[in-house]
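**Student:** Would you mind keeping the following structure in view while I ask a few things?
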């Protein structure tokens, strides 16, 4: 089935390619040429909104907390498939509750035969976790196929969490240093603020949605960091170029021009990234579901917004171009273009 | 920007082609690839989450190692002081990571210190140049001498323990007949074991969970076990329980006649008379001599075969055993006899190992993940390709060619590095497809802008490339930093993601700077366009 569909799509692409190569397609302009939207003015709205959202996210983090996955919390996780084709969750719960392992979480996923079993970390160190696994395996017996097992002792879980957090900090600092070398310090600081903003909001999202916070979440956060910065850097690059070229343009206008001229690229790139993520979200299976969901939120929703509404306008507050005289608009690129 | 010398163009194409070709072995059956030259055999390794298998992280008990060393120090101190005829009171106590002894006579303290200092050896053997020693002997005042293990000595000991443990673990894992297990040291006190294809690591854990310290000792017949249990235990003996149920106590002398290290071979077999499973063993020459001597001196008395401080059996010596071989019987099943034989052949672990992390994926789930990952990759790529065609038409075709080569190059580099592909790794490739077109988008949008700025076609293309490439480099380096950090902190699947993401960035930058530019340059030379259909 899938193969036929794929072959069909392949043929479609081939045809489209030929048509496109011959120039028979109309050119798609997602963002009209000569867009001049006043993004910078929105800083009076976007900054308070972002500040409020960040506070909400932080509050959520402290009240709701994150749903720590087994990587960081320790314990046992089993993914089982009922041999009969339909898992009897109620019976399973009764059997597993009788083991005296504390709270046993059962969760169906994918189909009626798949069950995810989670058991919290047992008191008594690493050996106790292994004993719990042994008990679980014994109790489940031959009625299920065990597809996946994860057992983490308390110390390893603690280390992974510490390591993950350290990595996140390390990445932010490393990127900051790189930006500091490539741009002026205000840019590095602006990117860093935008960065932290992205991570804070994404953590808020993880807190609301209660997706498992595990090693792959750290991977997602780092990727979000990378791509959000990617976007920010593209805009900053343009701002720097404009600063050199138009010595007398007022800062808000210069920022607007920069954002507008890179807007088409920002949007097209986000469409392609969204398409790729969408495919992963819909077809990639549950193993990477939370990973892609978090990434979708961070890259697509937050990342784009941040680079346009936070990272660029914040440069005004950080004093970029302060020394510039607010000269009359004699050299705007619009006029120059028309010339 | 649009001018390439013939040699440069050739170089670019050859580089891309060669890198792509490295991906080839992945598309042929393993048997076919085996007949190729060795340098062409590199292929992508599937991670445990895709091919199924077990991942175990074992920890060497550092407290055990320390305690063992302190016990040894205590025995050494006793012997040394006794040999030197120096009296001490209250025995040698082990506490606070050190051994302490109280010398009875004030005048004996200095000679005792001198004698005990002889126990201390330079670290790193005789060739040790660090000046550090494996034991610190100090006068704690009030006649008390303190012997403690310096930090460096402890680390050195742990390092050796880990090295030995890895050897033993390797031998035990290999006995399971698994394919390409990976056994690595991790950090100061951990060993990582990856066994592809192993679905249930229970037996592996059982094999690794035993230190398998085997000893032949005499049973102390001077005290019946029940009296010994009530505390009437001779100082040179200890009370040990039987290995098989019901737990039966034995009084066993502490002195070891022969230890497991003297075994050269062990095999599971069946007893010729009773037909029950037994383990037959062979000693090396020195072991055989010791065993012969011991059995000659003790005919008619029981001796105990002790494994990890449990008595497997305690047969009576009927006649001297001089042939250097024998058999152990002890309520074995075929499986447990086999396991014991494996453990004895592989040798004893220097310290117990604990499983601190375990991850197992069944082959069914792995296959399922591969299929899902592939489907997502196809769908994602198709969506991106169609979108690019619709947006940039002819230049979309150029972009798609570049992205296709880009992905082929990712596979080539992954093969070249023998990298591990995991499910998040596949996600990384899909994401790279989404991102790789970004470099094209940056270039094309810049060309559009330059066209709007009033430049002619060729000059706009030229300027578009020139200006966009700097941005492409800057923006990709930030993502690369994130990938590098992720690679450094991540393990398993996450590291797989970092690898594909990082490699994807490298190939993306390469294609943007060379291939895309080359394709457009060729098109410009061929078409001499007056306008750009972008």
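We number each residue from 1, going along the chain as drawn.
Each residue, glycine too, has its Cβ placed from N, Cα and C.
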**Student:** Do you know which of A:115-139, A:215-239 TrEMBL annotates as transmembrane segment?
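**Tutor:** Result: A:215-239 is the stretch TrEMBL calls transmembrane segment.
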**Student:** Between A:72-93, A:160-181, which stretch does TrEMBL give the note transmembrane segment?
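**Tutor:** Transmembrane segment, as annotated by TrEMBL, spans A:160-181.
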**Student:** Report, as numbers and ranges, which residues of the same chain sit near the transmembrane segment (A:215-239): CB under 8 Å and 6 or more residues beyond its ends.
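**Tutor:** Hits for the transmembrane segment (A:215-239): 69, 71-72, 160, 164, 167-168, 171-172, 175, 179, 183, 187, 190-191, 194-195, 198-199, 202-203, 206, 254-255, 258-259, 261-262, 265-266, 269, 273, 288, 290-292, 294-295, 298-299, 302-304, 306-308, 311-312, 315, 320.
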**Student:** Which residues of the same chain, at least 6 past either end of the transmembrane segment (A:160-181), have a Cβ under 8 Å from a Cβ in it?
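**Tutor:** Same-chain contacts beyond the flanks: 68, 71-72, 152, 187-188, 191-192, 195-196, 199, 215, 218, 221-222, 225, 229, 233.
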**Student:** Would the transmembrane segment (A:45-66) count as touching the transmembrane segment (A:267-288), if touching means at least three Cβ pairs under 8 Å and pairs must be 6 or more apart in sequence?
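**Tutor:** By the criterion, they do not touch.
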**Student:** Do any residues of this chain, six or more beyond the ends of the transmembrane segment (A:188-209), have a C-beta under 8 angstroms from a C-beta of it, and if so which?
**Tutor:** 50, 53-54, 56-58, 60-61, 64-67, 168, 172, 175-177, 179-180, 217, 220-221, 224-225, 228-229, 232-233, 236, 293-294, 297-298, 302-303, 306-307, 310-311, 314-315, 318
